[in-house]
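Copied from Swiss-Prot, the annotated features are:
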COMPBIAS  1-13  compositional bias 'Acidic residues'
REGION    1-47  region 'Disordered'
ZN_FING   57-106  zinc finger
REGION    157-191  region 'Disordered'
DNA_BIND  215-278  DNA-binding region
SITE      Met267  site 'Required for DNA-binding'
Amino acid sequence: MDFDDHDDGDEEMPPMPVSSSYETPPQHGLAGGGMAPKPPGEIGSHVKGPSCGGGRYRECLKNHAVGIGGHAVDGCGEFMAAGEEGTIDALRCAACNCHRNFHRKESESLAGEGSPFSPAAVVPYGATPHHQFSPYYRTPAGYLHHHQHHMAAAAAAAAAAAGGHPQRPLALPSTSHSGRDDGDDLSGMVGPMSAVGPLSGMSLGAGPSGSGSGKKRFRTKFTQEQKDKMLAFAERVGWRIQKHDEAAVQQFCDEVGVKRHVLKVWMHNNKHTLGKKLP
């Protein structure tokens, strides 16, 4: 008696899978041969009874997260009939309480016959099956992973391989250049100057390679007369250029022959050295 086509009032038959990945074409000419396992995405839903077709039913493939658009299985590894053969309970798994059709069927077929599934559905040995209808999949160990993370990692690895060379590291300021001229506008960066604000690192750099271009920057050279005049002017304005001193600063720059920003940098660099030497 065939029990797959009848429904019991006390037993609610679970809905048949709607995904095309659960369907498998019927097999013809089954005979006792080598065991040919099917991909995890296909089950023998066409079998009409416990004695039809033979074979064993392996892990349960029922998607318990279809309501939220995901994919999660219960971890049942093999179908175990809940009743004796010939009863309605024989089609229900005693471990996961799912219908037998949700379990992957491992049928017996001849190796020379045509494969009942397409070559694209074959999962290589050791590879984890990725279900196309859901961004989530579960590894054989039972842990839920997000498929997009692995896709992004694979895309990054492919881009790195296609590039042929790794990304160049950022150029760091050179620390080997220590022979500065005491007479230029970038001198005086010694002693207490290492503890001042970020203006020196932002506007002055750290040497010829501080900008990363490798080109040596132009440095202004001062005569001793210019240094003396700038020192006297800096003491007069208090080593700081304020708004009410703009006219005097511009007049001094025209007389000495230096630019305003050069004078400002020189005052900043020598404020903690020459300014503290005075009584």
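Glycine residues also receive a Cβ, built from the backbone N, Cα and C atoms like all the rest.
Per DSSP, the DNA-binding region (215-278) is made up of 43 helix, 1 strand, 20 coil. The 10 Å shell around the Cβ of Met267 (site 'Required for DNA-binding') contains 21 further Cβ atoms across the protein chains shown. According to DSSP, the secondary structure content of the zinc finger (57-106) in residues is 10 helix, 12 strand, 28 coil.
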